[in-house]
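A short write-up of the structure that comes next.
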Amino acid sequence: KREKITEMVQYIEDRISELEGEREELREFQALDKDRRALEYVITIQELEETKKQLAMLEENRMVEHGKGTDLFRESADIKAKIEADENEQLRLEAELIRLRASHSEADGEKRVAQGELVTLEADLRDAEYAQTTNEALLSRARNELRRVRVEIKTRGDELSPLLEQLEVAKAEHENENKLLISRRQELLSLRVKAGRHSQFSSRSERDRFLNQEIQKSQTTIASANQHIEQANQVLASLNTDIEQCETISSSLASELQSRKISLTEASEKRAKLVEQRNGLYTRRQELWTLESEKGREIASIHDEANRIERGLRSVLGNHTTVALSAIKDIAFERNLISAGKYHGPLLELIEVDSKFVTAADVAGGTALAHVVVEDDETATILIRDLQRRKAGRLTFIPLNRVGRSRAEEPAVTSQDALPLLKQIACDPKIRPAVQEVFGRWMVARSVEVAAKLAKSLDVNCVTLDGDQVNRRGAMQGGFIDSRKSRLAAMHTLKKTRGTLQSLQNEGHSLKAEVRQVEDEISQLMGELERVEKDMKNERDQINRCEQEIRSRKLQAAQMRKSADQRRDIISTLEKTLEESREALASLENEIMTDMQPGLSSEEQVRIELLTNEVDGIQKSVHDKKSIRVDLEMKVNVLKAELESNLEKRALELEEQIQALERPSGTDEEFATAGKSSMEDSAEATRNKIAMIKSTLSQLDRKMSECKNSIKNLIQSIEDNKTKIEKIEATLSQEQTRLDTIFSKRSDLSQKKVDLERRIREVGSLPSDLKDYESLKIPSLKKRLSKVNEAMKKYSHVNKKALDQYAGFTTQRDALDERGKELDNGQSSIESLIKSLDDRKDEDIMRTFRGVSKSFQEVFAELVPGGKAQLVMLYANREEPSPPDRRESYAGVAMKVRTRHHLHPIDS
């Protein structure tokens, strides 16, 4: 190279010598050419400056127009996003309106059913009130009549008591007179029979036989009468015992009846409380059903929103990636990798980023956001194999046992205009290595300029908050990024929506559990209520049984008393017969003790007369006593008949009627048992239910009205925004036209600038008097340039190429001289480096040789006891040269070996 440069310089010197002959003309021409070049340079410089100013103005206008266009585009994107959001909201509100209408229809149906139930309850309540009013009136009349009947019974009893006493006296007097009459008649009869015995019988023995027969008959009659009286007394005693038993049983039944009535009252009160609790639980269940229905509608709305967000995320991630992620999740679930903690999920589901840094993280993460984080590479292998078997697509996996080994270091940040992106990402500490692997070498910068500086100085990737990125090699990438297509923002919204959905579903499950609990309580209450109503029915049956038994016992006692009275009358009649038989027997016995006489004695005849007169008197007295007795008996019988057949029976009927009116009849299971209070409670509960349904309907009407107004406002907003978009698109078209014009002018000016710069370069070396022209304007400079061009025309014969060649050769000579100097300097540096390397090589060789020689001596000494050995470096001239020439005279290595007696040199 140095020889070629020398030859070229010699050639140039020869050419310059040849051109020296035309120096004078060249000098004159060169002076004019310098002026021309100076003028052209100044003109070109001023035109270039003017062009740069125009370009700067155009760039400024372009930036303004670009800013306007960007603002308009962003405004258009925001409005489109607003339209999309409004349309989604409109769809949601329309679906909500449909659900509200369905709920309104359902609630209206429930209201109509409840109103029908209320009408029925109110009708039953009116009937019950009417029945209660009628019962109260009947009960009042029955009580009044019972009091009147009891007064009459007392009055008749008061009238009957003296008559019974008088009747007893009359009976006693009549019986005494009758006994006396019977006695006197028997005596008179005996005397008369005695008087006829003489004519009847011829002898005493015949008479005595007859009297003995009569005596036997009398004795038989007396025995029969005694037997009948004894039997009648036994029957009377039995009747009295039965009457006492009936009274005892009646008293026991009355006590049982009172106890049953108390139990029935307590059961009725308990039932009323249970009915009240049941109605409260019915109301609570209806409220819970309403809340559950509203919660279901809200869950459906949020579920639709989650599905919409999932569709948006699917469109952002891509269908293949979404299908693969869904398949890999199913595979992990089937293999129990999720529960085992082996599968963590896609990276974008595992991180949380502040909304301010979402765009930056989205751009920085890129496709790595869809990478699946797993515990180890074995899990990744299993999932990849199953994914390939299903042909569900391809995914990238991040095994945590791999990324933890070579973790990306966080850049050391000293600027306040940037910060590590990793610090703005929240995640589970367990998956932090995977996040650091993806975002560890990324920084968020305030602007693109800061990002470019940091990327170059720190060797990191940088991204701005708007998504413009600068990689570590300096390449820039960016532009407008639609925030609606952000994967992290969509996933954040989706997780938030899923969280809300899960919370609402938990609340729905809680409501269902509470409904089941209320229904269980209702079932328990219904069972308790059924048991209480069964007990009430049993108590009513027992009360009816007791009342019927008491009435039966009273009737039986009355009949037995009547039978006892009849038995007493029979006993009285038998006793009279017995007395007559005994008197007849006594008369016969007296007669049989006397002799048979042909007639009566004077005393007996007198006695007959007396007895006849006395019998007549006694008969009259008996007739009078009987008349009194019959009269009293008639009065007593009339009073007794009135008491027993009328008043007492009426009193018993009234008591039964009062008892029947004082308690429910039991024919209607729901209302007769519960009574008016229960029906009022049911009616009040139904009114409350209707009021609640009306309130719900009012709320639904209000919500429907709000939905309709919101839909109307959204439709108007959508139309307005579409109009704005049309205007913005028209403005954008105008802005684009202006930008096209600016780009066209900038292109022309840029070409002009290139041409001017080329002309400046073509001007060559500049004269020293350039400053004389810098203060002049372009018109003046062009006038002078025209004059210089006119003056240069007389030098048209001058070889312009020679001048150019002279200038070129001079420049080449200077450049070649500089290049020769550089080569000389380079050669000396290379020689110095080679010398240094050779010295270091020689030192390394000698150091290695000495180490090997020492090791050889030690090994030989161990192998040959008493022997010695050494290595000797051999040189080409058989003498050790100086260090600079040593490396070129190495010839080999010699070994000197000494045994016990001899030294054996060995050359190698």
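Heads up, the Cβ atoms here are built off N, Cα and C, so glycines get one too.
The model shown is predicted, which means the values in this text are computed figures rather than measured ones.
Taken from TrEMBL as is:
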COILED    2-103  coiled coil
COILED    215-249  coiled coil
DOMAIN    341-455  domain 'SMC hinge'
COILED    494-591  coiled coil
REGION    663-684  region 'Disordered'
COILED    697-738  coiled coil
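In the predicted model, the coiled coil (494-591) shows an average pLDDT of 83. Nonlocal intrachain contacts for the coiled coil (215-249), taken as residues 6+ away from its ends with a CB within less than 8 angstroms of a stretch CB, comprise 549, 553-554, 556-557, 560-561, 563-564, 567-568, 570-571, 574-575, 577-578, 581-582, 584-585, 588-589, 592. When the domain 'SMC hinge' (341-455) is classified with DSSP, helix, strand and coil residues number 61 helix, 23 strand, 31 coil. Remote same-chain residues near the coiled coil (697-738) are listed as 65, 68-69, 72-73, 75-76, 79-80, 82-83, 86-87, 89-90, 93-94, 96-97, 100-101, 103-104, 107-108, 111 (criterion: CB distance under 8 Å, separation of at least six residues from the stretch ends).
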